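According to TrEMBL:
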ACT_SITE  346  active site, proton donor
DOMAIN    20-373  domain 'Orn/DAP/Arg decarboxylase 2 C-terminal'
DOMAIN    28-275  domain 'Orn/DAP/Arg decarboxylase 2 N-terminal'
MOD_RES   49  N6-(pyridoxal phosphate)lysine
Ligand SMILES: *Cc1c(COP(=O)(O)O)cnc(C)c1O
């Protein structure tokens, strides 16, 4: 955490909390390092669903090759913020209206998730003579989890709404080669099979996807020019200092690309790009001793930062002590060296960290939750209990040599 972030939070009045603070300089430095670690024929897209705030999208604009969007809403939003940005449009259950919108905006890549999507797109294009679109078939493959170790979430190789099972992929590939589908230009495949992978596991999954793509291209005689291997790079909430090894991953991709000349390999991380630049800052309202444990009640809670509740982790945090205590009564404080950090909601699930070690934590102290730049505000149930919304602060990017 930079001094600027800390200063900003220390200077906010109590009723200006909770607040989301995004360090756009840190975001740009990090994204530039990710970019620099990737080989030349690798493209970096940002998965907008991780954090679609306009300031975040714009801060990444010259550091990513494009944005992955998974709904008509994201599509319209990213296009409005960055009209020139390259877009890849995926997601299951694309409605006819979303399909029409994507055609109107002219997305660069379509990630087709079912045979019906393929047929609908072809049917719409039939009414637009001369118009072609570039498509990737989204595959549902086993991620090979046996070899990967513990993974936060696997969606490949099991029943899901995402992508095409191997036999469905065969059918779609035959269709794409058939008369009536000439306006769909097949570029290759897309897959997003797991999340929470470290670099060796991510590399193994990527190799698996590329191997399948090469095999499909040979068998169905299409020119394979692109593989999009998805996102899912791990963020370690238990140990924020342990980062995904982008250098090792990039070196592995370089080797992989040497074996497949002419291939463009695209990745589309979300979490691992933006998690580190965001903070959810708030203050301690009260500290209670409850059946032998210390419970700190914070202004705000999981209705603003839902991720720890949904993923079942403790959100890492830093305490910013406040010395001033203007009241005549004793200041409520943690007595056991450990505290459960709860929010204001009337549910026992509203906990951001369980029995976390703290040296000092008193009413009016500030708490800054880290790793709150991805899947934080935008996946939370804001309106439950009708507490006020947090403020948003974006620390402007300084000059950066990239
Ligand atoms: C969510 C998603 C991503 C980004 O995943 P992260 O775990 O945030 O890196 C990329 N691609 C697709 C298709 C997704 O659904």
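Here the Cβ of each residue, glycine as well, is placed from N, Cα and C on the backbone.
Note that TrEMBL annotation is computational and uncurated.
In this model, the domain 'Orn/DAP/Arg decarboxylase 2 N-terminal' (28-275) carries an average pLDDT of 95. Sequence-distant neighbours of residue 49 (N6-(pyridoxal phosphate)lysine) (same chain, 6+ apart, CB under 8 A from its CB) are 69, 70, 74, 270, 378. Under 8 Å, Cβ to Cβ, and six or more positions away along its own chain, residue 346 (active site, proton donor) finds 385.
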